[in-house]
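S.K.: Next up is a structure, given as structure tokens.
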Amino acid sequence: MVYQDHLTKFVQLRSLKSKQAQEVAYHLLDILTTFGAPSILQSDNCREFANKVVKKVCAMWPELKIVHGKPRHSQSQGSVERANKDVEKILCTWLESNKTSKWSKRLRFIQFMKNALYHAEINLSPYEAIFGCKAKVGLNSLPKGALVELSTEEELESILNKDENQLNEERETEPNITDAVINENKKIENKK
């Protein structure tokens, strides 16, 4: 299941065992209780299926409205269709390079990669649009010198309490792991 915020292009991915309304509603509620419910939920063309899901979800959010796409007209959901294709490309590349078919276990990482990529329509990544900063992997937001000496909670608190300007200066001189991951992903996509 692909859920995309129209404004930020932020994507949420969920693997479904079936297209049963109850299962879809469960995953949709997981997303909506994390990020909040939109005023309008745009669905693809499965009206009967969508109506069952929306009835379940609207019980919690009565003001939620659903807009259906035109039958057999994927252009009416252009942004979501592009997101679907991007996710499929990233997922296929990962499955091929790792010689596995266990895609559902990797879906969260695919979601992270998709959201960390620059989106031309919004002039930044969806991750930046939601969280106000570039995506980070691990503890790369802390200066490397500080991590070497870090062994107690008190030392961590001391590092976190440092002057924010000093930390920002130190971060600027360090390579960004996320940028390297994104650049590698772009290289893979360009080869196709």
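Every residue gets a Cβ built from N, Cα and C, even glycine.
Automatic prediction, not curation, is the source of TrEMBL annotations.
Just lifted these from TrEMBL, have a look:
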type	residues	note
DOMAIN	1-134	domain 'Integrase catalytic'
COMPBIAS	163-174	compositional bias 'Basic and acidic residues'
REGION	163-192	region 'Disordered'
S.K.: When the pLDDT values for the domain 'Integrase catalytic' (1-134) are averaged, what is the result?
M.R.: 81
S.K.: Quick check on the domain 'Integrase catalytic' (1-134): DSSP residue counts for helix, strand, coil, in that order please.
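M.R.: Secondary-structure composition of the domain 'Integrase catalytic' (1-134): 71 helix, 16 strand, 47 coil.
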